[in-house]
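> What Swiss-Prot records for this protein is below:
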BINDING   Arg25, Arg75, Thr106, Lys167, Arg269, Leu270, Arg271  GTP binding site
BINDING   Cys32, Cys36, Cys39  [4Fe-4S] cluster 1 binding site
BINDING   Tyr38, Gly79, Ser130, Met201  S-adenosyl-L-methionine binding site
BINDING   Cys264, Cys267, Cys281  [4Fe-4S] cluster 2 binding site
DOMAIN    16-241  domain 'Radical SAM core'
Amino acid sequence: MQSIPVKNAGDRLVDAYRRTYYYLRLSITDVCNFRCNYCLPDGYHPSHERDKFLTVDEIRRAVSAFAAMGAQKVRITGGEPTLRKDFLQITENITALDGIRHVALTTNGYRMAQDVGAWKQAGISSINVSVDSLDPRMFYQITGENKFTEVMRGIDRAFEAGYRKIKVNSVLMKDLNEREFDKFLAWVKDRPIQMRFIELMQTGEMDAFFRCHHLSGQVLAEKLIRDGWQLQSKGITDGPAKVFRHPDYVGEIGLIMPYEPDFCASCNRLRVSAKGKLHLCLFGEEGIDLRDLLQRDDQQSLLQARLFAALQGKREHHFLHRGDSGIRKNLSTIGG
């Protein structure tokens, strides 16, 4: 995978606040087979829209345009992306594109034990897997699925397949998994796992749940610093997590705290939904339709022009601190 030189600012993914975007989060499906209480507590229900999910060729054209404008990292998300039967073909196409140096996957892990070797062979560079509790009963209470053993086996298989580090995501929730912080610390002490705690975020369908269970990640940050954990610097394609390391631990701790005052200042990522809409912010507008420019290979220059023009309208920051989550009903539609 080669790096493509970007000639001038007009060719690059740069917004009006001079933030440069190297990272694309690409949802390839809204469908998920888990029923997490902070996202889809009633399970997935197909929408009545006629639009189908992006095809393999549409995905290739979309990522190609982002790569030509300087994007280096793609994260494949959902829903649960591995539910697509053409998931491996999608992955292989993305990894073959010039300029794309890193292809990551976010998964609930239910297929990980059986398929992780094929994922690695297809070109998945790194994996984030959701584990909201290390207690099988609490895992079931949060996810609605009795898959704890299978997911944990999948993490072990990922290391056997050659992944040197796995990122594990856990949504931090008061009165549910908040008491497991020390258990998670012990779990990563001798394992090369980056354990990432994500602050519960307010969405349109989950206001009551948010009010009941939100807990600030700052509480954990202060505890980590008191206990000798050190904050690490970020790379240009890193996500929003603040990463901490400790000399006595093999693993790392990451904190994603969207309610911090400066959370948006280092934003480096854009999102494309499974139906081909560009979303400039996780908690933003309805989305800019790209699909009409994903039909032929000779539309790349028009697609890049639309991307650049749209990016100039990206807001300086979200308004979560005001209780404004935009039009986002839940996170399954855009992959978080």
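Using the three backbone atoms N, Cα and C, a Cβ is placed for every residue, glycine included.
Given the structure is predicted, the values throughout are model-derived calculations rather than measurements.
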> Restricting the comparison to the binding-site residues Cys32, Cys39, Cys264, Cys267, which residue's C-alpha is spatially nearest the C-alpha of Arg25 (GTP binding site)?
Cys267
> For Cys267 ([4Fe-4S] cluster 2 binding site), which residues of its chain lie six or more apart in sequence with Cβ-Cβ distance below 8 Å?
Arg19, Tyr21, Pro240
> Can you work out the mean pLDDT of the predicted model over the domain 'Radical SAM core' (16-241)?
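That region's mean pLDDT is 94.
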> Tell me the Cβ neighbour count for Cys32 ([4Fe-4S] cluster 1 binding site), meaning other Cβ atoms within 10 Å of its Cβ, over all protein chains shown.
21
> Name the secondary structure element type, per DSSP in three states, that contains Cys32 ([4Fe-4S] cluster 1 binding site).
coil
> Count, for each of the binding-site residues Arg25, Arg75, Arg269, the other C-beta atoms lying within 10 angstroms of its own C-beta, and report the residue with the smallest count.
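Result for the binding-site residues Arg25, Arg75, Arg269: minimum number of other Cβ atoms within 10 Å at Arg269.
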> Neighbour count, 10 Å Cβ-Cβ cut-off, for Cys36 ([4Fe-4S] cluster 1 binding site): what number do you get?
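Taking every protein chain into account, the count is 20.
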> Within 10 Å of the Cβ of Leu270 (GTP binding site), how many other Cβ atoms can you find? Include all protein chains, please.
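Result for Leu270 (GTP binding site): 23 other Cβ atoms within 10 Å.
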